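Engineer: Pulled the feature table from Swiss-Prot, pasting it below:
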- 6-221: domain 'ABC transporter' (DOMAIN)
- GLY38, PRO39, ASN40, GLY41, SER42, GLY43, LYS44, SER45: ATP binding site (BINDING)
- 237-256: region 'Disordered' (REGION)
Amino acid sequence: MNTPVIAAEGLSIRVDGRTVLADISVAVAAGEIVTIVGPNGSGKSTFLRALIGALPAASGRVIRAPGLRIGYVPQKLAIDATLPITVSRFLSLPRRVPQDVAAEALARAGVPDLANRQMTDLSGGQFQRVLLARAVLERPHLLLLDEATQGLDQPGSAAFYEQIEEVRQDLGCAVVMVSHDLHVVMAASDRVLCMNGHICCEGTPEVVADAPEYRALFGTGTRGALALYRHQHSHRHDDDCGHDHGAEHMHPHGDR
């Protein structure tokens, strides 16, 4: 495995006096795509928040590579419908972003023509891609996505996942994403973590799909049911087709 960009060692997190995560140990390598699945309340989003330093560890630790740049796509982001704000202006909050940098990020997210659109006029898929553009503004070494395809239909989700893979290839960044669907993960995932307050099992999608721990958690009928999102079409979704598909020492991987 390549040198990790981030790692959790014996990490436990408590929220409101309750242990949400217990003894999590996992390392993410440069360029690796890791997908996290698990039931609601299993600690998936909490784990991402701990990785970015938004939650303190009750025990254990998170080790980040020196100079690590992290891009984060949140689970939800509410925009006041009465607040006029263009995509370009949104990307410049809280500090101004040069126009060429914003244009590069939008192109990398697959929506190069949205700069002057109002945020409130975007479709679900367009909105998620703008959030992705914001996350890659500073060319991160690590990209974290919290249920980023929630609310998108299958074609929209598949197209978004394809864009994530392109970002990974372009930037050489590691990707850690939480999947809202227990049984569907991105086809390009190098590793899947099945989480329920702890790591139940991990491995390639094929290994996890057959793991007894996975079947015990989600039912005996789920054996081999961990499906993969693959983009099956040559055309682009959302914008191009006009449809709305959505209601102690580590070194970061260098930019490409």
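Every residue gets a Cβ built from N, Cα and C, even glycine.
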Engineer: List, in sequence order, the residues of the same chain other than GLY38, PRO39, ASN40, GLY41, SER42, GLY43, LYS44, SER45 whose Cβ lies within 8 Å of the centroid of the Cβ atoms of the recorded ATP site.
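Structural biologist: Going along the sequence, the neighbours come out as THR46, MET195, ASN196, GLY197.
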Engineer: Out of PRO39, GLY41, GLY43, which has the highest number of nearby Cβ atoms, where nearby means within 10 Å of its Cβ, if these are the binding-site residues?
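Structural biologist: The residue with the most neighbouring Cβ atoms within 10 Å is GLY43.
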Engineer: Quick one: give me the count of other CB atoms within 10 A of the CB of LYS44 (ATP binding site).
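Structural biologist: For LYS44 (ATP binding site), the 10 Å Cβ neighbour count is 23.
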Engineer: Under 8 Å between C-beta atoms and at least six apart in sequence, can you list the same-chain neighbours of SER45 (ATP binding site), or say none if there are none?
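Structural biologist: Result: GLN75, ASP146, GLU147, VAL178.
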Engineer: Run through the Cβ atoms and count how many others sit within 10 Å of the one on ASN40 (ATP binding site).
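Structural biologist: 8, counting other Cβ atoms within 10 Å of ASN40 (ATP binding site).
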Engineer: Please list, in sequence order, the residues in the chain of SER42 (ATP binding site) that are at least six apart in sequence and whose C-beta is under 8 Å away from its C-beta.
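Structural biologist: The list for SER42 (ATP binding site) reads MET195, ASN196, GLY197, given in order along the sequence.
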Engineer: Return one of helix, strand or coil for GLY43 (ATP binding site), based on DSSP.
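Structural biologist: The residue in question, GLY43 (ATP binding site), is coil (DSSP, three-state).
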